[in-house]
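What follows is a set of notes on a single structure, which appears directly below.
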Amino acid sequence: MELALVQESFEANVRDYTKIIDGYGKKNRLHDAESVFQTMKNRGFTYDQVILTAMIQMYSKAGCLRQAEATFEEIKLLGLPLDKRAYGPMIMGYVRAGMLSHGECLLREMEAQEIYAGREVYKALSRAYSTIGDRKGAQRVFDAIKFAGIAPDIKLCALLINAYAVAGQSDGARSVFENLRNAGIEPSDKCVALMLAAYEKENKFKKALDLLIDLEKEGIMVGKEASEILVGWFRRLGVVGEVELVLREYSAEEVKCEIHFIPSEVHLWKTLPWEIGQNF
């Protein structure tokens, strides 16, 4: 394609150069892409926001934040319109660089223009906040998702639950969990596992039992990941026993709670000492 562009018989246009630059960008060949861009300018072609957006996407993907920022600012200086195709990769670049507040500022800038990012951009920013336990940041992004008219899915809810859990805010995590259920969304095994992990972190066994009994009443079966969290919790406590008796004694309504959540291959069929149960 590059060779064709220099042929006198071929009438090239700016979109031809855009395709080549985009192709090089996808293969992470930055030097080649920049060379084509310079050749285009030398031949007198006027570049627009489309080709500059392709450059932003390339720099963002390669982790070249400064170049991405410079190209993004060039679009603004030229007075060219910005859309979510330019904002999106720029926000992703900030996320990759750990500059989450910068990415969030661009979200606000977009909202002011009634431009909204794609779900994957919100998810990336939410995941970054969730990983470091920034519950406030994760909550802001979650609220921005709803403001953008995007229905939060179970994965986005799990990221918010995790943010509260990592921050040591199990009550906040439970609030998100209950809002999820109130919205008619059945919690995934991942969500249940995150809640159990949050309670374990704060040694709130009583509340963990509350949750399990509540789920049992609604016929929600606890899956593999949540089971592993629970079994690991008992093992770390040095307890190798069957816990059905504890659940019965704990439940004020004397709900019969068979331990569906313990994997069958794990043999925990001895009685949990009541002395240990009292410590919770």
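Each residue, glycine too, has its Cβ placed from N, Cα and C.
TrEMBL lists 107-235 with the feature domain 'PROP1-like PPR'. Per TrEMBL, the feature repeat 'PPR' maps to 13-47, 48-82, 83-117, 153-187.
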Local confidence of the repeat 'PPR' (48-82) - pLDDT mean: 94
Structural state census, the repeat 'PPR' (153-187) (DSSP three-state): 26 helix, 0 strand, 9 coil
For the repeat 'PPR' (83-117), the number of residues DSSP places in helix, strand and coil: 26 helix, 0 strand, 9 coil
Counts by DSSP class (helix H/G/I, strand E/B, coil) across the repeat 'PPR' (13-47): 26 helix, 0 strand, 9 coil
The repeat 'PPR' (48-82) - residue tally per DSSP class, helix then strand then coil: 27 helix, 0 strand, 8 coil
